[in-house]
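Database features, via Swiss-Prot:
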type	residues	note
ACT_SITE	Pro2	active site, schiff-base intermediate with DNA
ACT_SITE	Glu3	active site, proton donor
ACT_SITE	Lys58	active site, proton donor
BINDING	His91, Arg110, Arg152	DNA binding site
ZN_FING	237-271	zinc finger
ACT_SITE	Arg261	active site, proton donor
Amino acid sequence: MPELPEVETTRRGILPHLEGKRVKAVSVRNRSLRWPIPADLAQQIQNKTLRTIHRRGKYLLLEFANGHVIWHLGMSGSLRIIKADEPPMVHDHVDIAFGGNLALRYTDPRRFGAVLWTNEAILEHKLLNHLGPEPLTDAFNSAYLFDKSRKRSQSVKTWIMDSKVVVGVGNIYANEALFNSAIHPLKAAGKLSQKQCDIFCSEIKSVLAKAIEQGGTTLRDFVGGDGKPGYFAQELNVYGRGGKACKKCRKPLTEKKLGQRTTVYCTHCQK
């Protein structure tokens with residue numbers, strides 16, 4: 001699933017090509033995504049100028065004068081810039097054509113993504129109004145993390161992946177940040193010390209920033225706005241390495257399901 005670094009990589013990749021350009025045409029070949037694509041999407045944005053593209057958590061927000069397109073990549077989706085006359089493949093569900101023979105193409109084999117339209121205040125939208133702070137901003141800090149974790153009995157891994165706590169810390173990066181912080185993923189969130197919160201907060205920011213620099217993590221379907229894969233997979237310490245030697249102590253890494261998500265950790269290095 002594309003996580004925050006992949007979504008931010010996509011935003012940075014497509015924005016320079018499309019910012020300030022006018023929509024010439026909208027082609028929707030399959031409306032049946034996680035939620036149906038609005039029937040009036042073309043009517044809302046055709047001949048309108050794309051002002052900019054924001055990101056909130058894992059959502060991309062395409063800003064027009066009259067509202068926003070809310071885009072979620074789902075489990076297997078990707079957005080890329082193509083020539084407007086490039087023929088679509090079977091999983092290419094949406095094209096938005098702009099001037100200069102450019103188009104934004106949405107590909108989603110599993111169709112768990114979403115393309116929605118709203119003309120309400122964007123941060124008040126029901127998909128966005130409950131979200132926690134962005135992890136790469138000052139609002140997400142160790143004092144916040146320590147305060148928010150008090151009296152929380154759930155495992156720190158499932159807790160940190162809750163978008164009400166902080167957005168965008170998905171499974172890959174939660175595994176990595178916990179390993180780098182030497183924190184056991186099954187540890188109760190409420191048992192984190194202030195020092196552990198200091199380290200954990202720093203490692204979350206570091207892992208996400210490094211992943212963005214590398215263009216995200218491609219494990220299966222993800223490509224960035226330029227059609228290229230992300231390269232952070234080469235930097236992973238634990239995710240996808242269950243049973244292999246820990247890069248620190250060389251003992252085998254443990255893999256198990258936690259909250260229905262694959263969790264990989266070192267029982268020796270993480271306490």
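Just so you know, the numbers here start at 1 and follow the chain as drawn.
Even glycines carry a Cβ here, placed using N, Cα and C.
Take the Cα of His91 (DNA binding site) and measure to each of the active-site residues Pro2, Lys58, Arg261: the nearest one is Pro2.
In terms of local Cβ density within 10 Å, Lys58 ranks first among the recorded positions Lys58, His91, Arg110, Arg152, Arg261.
Nearest in space to Arg261 (active site, proton donor), taking C-alpha to C-alpha distance over the recorded positions Pro2, Lys58, Arg110, is Pro2. Helix, strand and coil counts under DSSP for the zinc finger (237-271) come to 0 helix, 12 strand, 23 coil.
Using a 10 Å Cα-Cα cut-off from Glu3 (active site, proton donor), the recorded positions that qualify among Lys58, Arg110, Arg152 are Lys58.
Among the recorded positions Lys58, Arg110, Arg152, the ones whose Cα sits within 10 Å of the Cα of the residue listed as 'active site, schiff-base intermediate with DNA' are Lys58. For the zinc finger (237-271), the model's pLDDT averages out at 97. Among the residues His91, Arg110, Arg152 said to bind DNA, no two Cα atoms are farther apart than 42 Å. Each residue contributes its Cα atom, and for Arg110 (DNA binding site) and Lys58 (active site, proton donor) these two points are 17 Å apart. Of the recorded residues, Lys58 (active site, proton donor) and Arg152 (DNA binding site) place their C-alpha atoms 25 Å from one another.
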